[in-house]
Amino acid sequence: MSKQILILPGDGIGPEIMAEAVKVLKRIDAQHGLGFELVYDELGGAAYDKYGSPLADETLERARAADAVLLGAVGGPQWDTIDPSLRPERGLLKIRSQLGLFANLRPALLYPQLADASTLKPEVVAGLDLLILRELTGGIYFGQPRGNRTLDNGERQAYDTLPYSESEIRRIAKAGFEMARLRGKKLCSVDKANVLASSQLWRAVVEEVAKDYPDIALSHMYVDNAAMQLVRAPKQFDVIVTDNMFGDILSDQASMLTGSIGMLPSASLDANSKGMYEPCHGSAPDIAGKGIANPLATILSVAMMLRYTFAQADAADAIERAVGKVLDQGLRTADIWSEGTTKVGTVAMGDAVVAAL
């Protein structure tokens, strides 16, 4: 079996955190005899600087040829003034859509060692373990028509479109039920069906799919209520399935329940579990080059990659256990540091995880 992984370090802290993730990947590869081939390229601002495009055609072909893609982060202020169609984020949107990565998995898992890092009371978040499944290739981020125009009265107007087809909803709903079946058998579908036509179709199709999953407890929630409930009582949720924009917002909100977005991995999968894996956090240009970024989200993204694309659960478990051991040792990067723990940099944290494997 081909086991080629395309490594895209990206922008900002991307290259720093990726170096640590690759260190862990190489160690686990050697320990488990997995035989990965690593191929390197650029995405985002780094790709724009090198190729004149945030996603070069040859990079896309490499991504198609690979079994999985591991990404650092994209974006930075130095590209804010270029043509919007060439911004780093457009490369990320394009690679997701071109690879057919329609399902984005964002876990929010609270490590007991970091219970104090959450801004919520420990009793509200203790034992938190939820998964947000976000539809990734449809909805308002891709909908046409979109644009700007000047009205007859001279006023500027901008507009976007939020379309969803039945097939797009059906496949993400099916993925949601499948994930719920692997976990706590509870699925909450989040929409805005009291206002949006797209959400009304969403809810109807989710209900249809539910008939094939009688063992899963399905509930529906409006997105405004879901945002409130995530803060009020987050442990009521097991798997949340929602559209592109709602999922974008709710998954970032859920990430802070855990205390640091620097701890959270994500996976974007196609229909065959080929995927792109990346940390939930951004490129953090304000700390780039300082050696203080938290590499654990990227390292845990490697674990997700091993679990979902390569079906190497033992190797994935080993990485997750190693991260737990490092936290038990009291090692913390600046974003998760608290009194009584030891502050370490990016490289030292990566080395500690390798040593714990």
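The backbone N, Cα and C atoms fix where each Cβ goes, and this holds for glycine too.
Annotation source Swiss-Prot lists NAD(+) binding site at 76-89, 282-294, citing sequence analysis. Residues or ranges marked as substrate binding site by Swiss-Prot on the basis of sequence analysis: Arg96, Arg106, Arg134, Asp224. The annotation site 'Important for catalysis' is assigned in Swiss-Prot to Tyr141, Lys192. Annotation comment: Swiss-Prot describes Asp224, Asp248, Asp252 as Mg(2+) binding site, evidence class sequence analysis.
This view paints the features noted in Swiss-Prot onto the structure.
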{"residue": "Gly76", "record": "NAD(+) binding site", "contacts (Cβ under 8 Å, 6+ apart)": "Asp11, Gly12, Gly45, Pro88, Ser283, Pro285, Ala288"}
{"residue": "Arg96", "record": "substrate binding site", "contacts (Cβ under 8 Å, 6+ apart)": "Leu136, Thr137, Ser268, Met276"}
{"residue": "Arg106", "record": "substrate binding site", "contacts (Cβ under 8 Å, 6+ apart)": "Leu131, Ile132, Leu133, Arg134, Gly247, Ser251, Ala254, Ser255, Leu264, Ser266, Cys280"}
{"residue": "Tyr141", "record": "site 'Important for catalysis'", "contacts (Cβ under 8 Å, 6+ apart)": "Leu93, Asn244, Met245"}
{"residue": "Lys192", "record": "site 'Important for catalysis'", "contacts (Cβ under 8 Å, 6+ apart)": "Ser199, Tyr222, Val223, Asp224, Phe246"}
{"residue": "Asp248", "record": "Mg(2+) binding site", "contacts (Cβ under 8 Å, 6+ apart)": "Arg134"}
{"residue": "Asp252", "record": "Mg(2+) binding site", "contacts (Cβ under 8 Å, 6+ apart)": "Ile261, Cys280"}
{"residue": "Ile292", "record": "NAD(+) binding site", "contacts (Cβ under 8 Å, 6+ apart)": "Thr333, Ala334, Gly345, Thr346"}
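Sorting the binding-site residues Ala284, Ala288 by the number of other Cβ atoms within 10 Å puts Ala284 first.
Spanning the listed substrate site, residues Arg96, Arg106, Arg134, Asp224 have a farthest Cα to Cα distance of 27 Å. DSSP gives Arg134 (substrate binding site) a strand state.
Neighbours of Pro88 (NAD(+) binding site), defined as other CB atoms within 10 A of its CB across all chains, total 27. Residues Val223, Ala227, Met245, Phe246, Gly247, Ile249, Leu250, Ser251, Gln253 surround the recorded Mg(2+) site, their Cβ atoms falling within 8 Å of the Cβ centroid of Asp224, Asp248, Asp252, which are themselves excluded. Arg106 (substrate binding site) falls within a strand when secondary structure is assigned with DSSP.
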